[in-house]
């Protein structure tokens, strides 16, 4: 298998910037900034997948890269932006845990993910095997974001970012999932965002806010 | 051969003292251009220093000897730091005595003296500024250390000169950890030198000031020394950054006069870009609330640690 050192370096760089963007997402307070960061994460995913496709000579991966570009860089951020504008929810209030603590917890998660990925990446043979740890870390950090945020919109973005991490893990561990599964997931995501968008309006109508903590006190009437 | 190294050493220190106000003036000029103001002349810092040196110093009645010696200590530590940092040549005989960790110690010494002197008079502002400065300092230092550790891991040495030697002879490295370290370093530079996201060097607004609050009681030659020392601190930080992350053109060990001249020209060009970059960052960003400063520094620390982790995980391609 051809392993051009420049490509490997570039791939490492993309993986590292993916991790950096995950942390930026954890630290940001504005929802619009969060969506922009999500779009950037998608763009990095697109570049890295294209690079892997080029390096491993897999036509299938080109398709999934294109799918990433259309869905995660263009469509989903656009839908989210429109949703935000319609809902008038540009501002995210303070997260549950303050940001420096969240970042430190995130750091611990990264160390955990790297430790977890070490034996796996020793077994793997792909050129991207070093980035498995980063993919795991991105997934865990998105989890953390979903846990520490109150608003429904940020939690959905966390969910989408987690999917980004999963996709990245798939490309770095096994050169991507089968095309059928990937198409299915892409469609699921699109539908999920549509349905969640409808939910947002319902939640806001019911409680006059998107804060999910109101849902905790639901009871029958 | 040894003799010429001492000449380089001496020349570099002189260069740092002479160029530091110019660098500050250049940043001020770039900022003025970006904000559509009429720019002050480049020589403005020199004129101010000249004016201050010729004035008579006024001291508070209860100022102790510490208050009077602190400016000299500040200036001395900055000169020492300039002697260690390879900005033009790496063949510095003095740099053997101290590595990058000692360099951080030097900056810490300066900070402690400045804070003590600020509290010496017993005014409210001085104490306030000293407290804020110590807070920023104690948050910025670990981040700075982590940036250095990144470089140590990659280039296998804690001595800045050896490190830069190794780096300059392997110019084709794009290691992700270097980029993380560079981002963290820029954040530390802005915080440590009281630049805009943390402190505004150009105002005297008492609610927000840090550095200015500490030097309010100083006048004349003491103030001139402090101003010179703080512009040298900025210059030193810029030179550390340039030698760690953009060492191209630097005259490595055993270089000739010609390559030293090239290195000097390269340094001037790099400093010009660096100053413009700092001015740009300051123009596009707003000052953070002081309570957000810990968050900013935590980010810097985190990015530096991430750089270390990424370096360890993504396969260590250690040079040296």
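Yeah, the Cβs are placed from backbone N, Cα and C, and that goes for glycine too.
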Transmembrane segment range according to TrEMBL, out of B:54-71, B:72-89, B:198-215 | B:72-89
For the record in TrEMBL, which of the ranges B:6-28, B:29-51 is the transmembrane segment one?
-> B:6-28
For the transmembrane segment (B:173-191), could you work out the same-chain residues 6 or more beyond its ends whose Cβ comes under 8 Å from its Cβ atoms?
-> 136, 139-140, 143-144, 146-147, 150-151, 153-154, 167, 197-198, 234, 237-238, 240-241, 244-245, 278, 281, 293, 296-297, 299-301, 303-304, 306-308, 310-311, 314, 317, 319
Does the transmembrane segment (B:261-284) reach the transmembrane segment (B:101-122), going by 3 or more CB pairs under 8 Å (6 or more apart in sequence)?
-> no
The transmembrane segment (B:234-255) and the transmembrane segment (B:6-28): do they have three or more Cβ pairs under 8 Å, with pairs 6 or more apart in sequence?
-> yes
Where else in the chain does the transmembrane segment (B:234-255) make close Cβ contacts, counting only residues six or more beyond its ends and a cut-off under 8 Å?
-> 16, 19-20, 23-24, 27, 78, 81-82, 85-91, 103, 147, 151, 160-161, 163-165, 167-169, 171, 178, 181-182, 185-186, 188-189, 192-193, 195, 262-263, 265-267, 270-271, 274-275, 278
